[in-house]
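Features of the protein shown, as given by Swiss-Prot:
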type	residues	note
ACT_SITE	Cys372	active site, nucleophile
BINDING	Cys251, Ala252, Ala253, Pro254, Gly255, Gly256, Lys257, Asp274, Asp300, Asp319	S-adenosyl-L-methionine binding site
Amino acid sequence: MNVRAAAANVLYQVVDRGNSLSTALPEAQQSIRPRDHALLQEICYGALRYLPRLESIAGKLMDKPLKGKQRVFHHLILVGLYQLGHMRIPAHAAVGETVEGAQALKGPRLRGLINAVLRNYQREQQALDEFSVSHNAGKYVHPSWLLKILQDAYPEQWQTIVEANNNKAPMWLRVNHAHHDRDEYLQLLKNANIDSTLHSEAMDAIKLAAPCDVHSLPGFEQGWVSVQDAAAQLSFNYLQPKDGELILDCCAAPGGKTAHILERVSAREVVALDCDEQRLKRVTENLKRLNLQAKVICGDARNPEQWWQGEQFDRILLDAPCSATGVIRRHPDIKWLRRAEDITALAQLQSEIFDAMWAQLKPGGTLVYATCSITPMENVEQVKAFLARTSAAQLVGSERENPGRQIIPGEEDMDGFYYAVLVKQA
């Protein structure tokens, strides 16, 4: 299929149908040549990153919106506008290929309209680009409800967060300590002419100067290295697992944190729990590549009686389901798929899982509550409420008035993440 047509289909699936980019994009990639996968990804990610700007330009250039069965052609126009405004593709190729996309989408009669819209944008680009950032939606390219949360929670930092969310994320690696230490792997990258830098705190983390195909990484197939953001790798620092312990990684998919524990310590057993059977397959695949063993269980964290093996855990990593507002730079569709009411519903779910997991923790054991969110309701307020109702919970490493650690997007080039460490008093 024509790459621009495939991109329009992805935008339609995400924006109009509410499907996630991580579902829609791989499906679309199956319809195009492998060599075009990166181009498709760049167009889809970029168009979703700057969606309100593209929408406002399209609105200016069209007499009436395309509706119903023609909506996919509206998204094809956005694909064309993104290429012309944000990519280095020659204008004639961007326009020509986008117009041809209408043919691939079985809308040959709309080719003239699409061509005219894109040509008019070329003629009036400067004025239209200025117009597209003249309102808050276009200037910050965040939904108003999320912008308000950020402004209220981070009065000094919200613009930094917005900017980080709108930039491309770097590629972080986690070196498998069972094979090499970080300095050794750094040398392997150097030998392969792959530029990289270290992280000051995440002891196995390496940041690549430019993203690359994983198969070009030394020893990827042999399990020497994995792709994982440095902020997620800090879960090991906070959990501090020890040899011989019984450890639970709750809401474990896709398994990066489970693997990190297994790479670093000889636990008696690590249990990887998740309620999503499809995503658990990723856990199994990742562990297989890394030649690691864990007990993988499909179950609801709120109902341990369905899966619990009868012995309390020494340590629990609760990577709670969340709004994922800390990883927008990796998943720009989150901005348009989430709603304000989702935060309240997620906070309730987190609270239920928190209580259920606490009951599975041994006296003297450690629970790390983690999210990849940056909303206070899911993080600081969640932990405060838990401490208020749980007398045996002792907060470690932070103050009760401001519990845990909030990492904001872009901080040492990390994703947004939250961690709070709690010990169960014996």
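Here the Cβ of each residue, glycine as well, is placed from N, Cα and C on the backbone.
Owing to the predicted nature of the structure, the values given are computational and were not obtained by experimental measurement.
Cys372 (active site, nucleophile): 25 other CB atoms within 10 A of its CB, across all protein chains.
Here the C-alpha separation of Asp300 (S-adenosyl-L-methionine binding site) and Cys372 (active site, nucleophile) works out to 20 Å. According to DSSP, Lys257 (S-adenosyl-L-methionine binding site) is assigned to a helical segment. Distance from the CA of the residue listed as 'active site, nucleophile' to the CA of Lys257 (S-adenosyl-L-methionine binding site) is 13 Å. Reported as a whole number, the C-alpha separation between Cys372 (active site, nucleophile) and Cys251 (S-adenosyl-L-methionine binding site) equals 12 Å. Around Cys251 (S-adenosyl-L-methionine binding site), a 10 Å sphere centred on its CB holds 23 further CB atoms from the protein chains shown.
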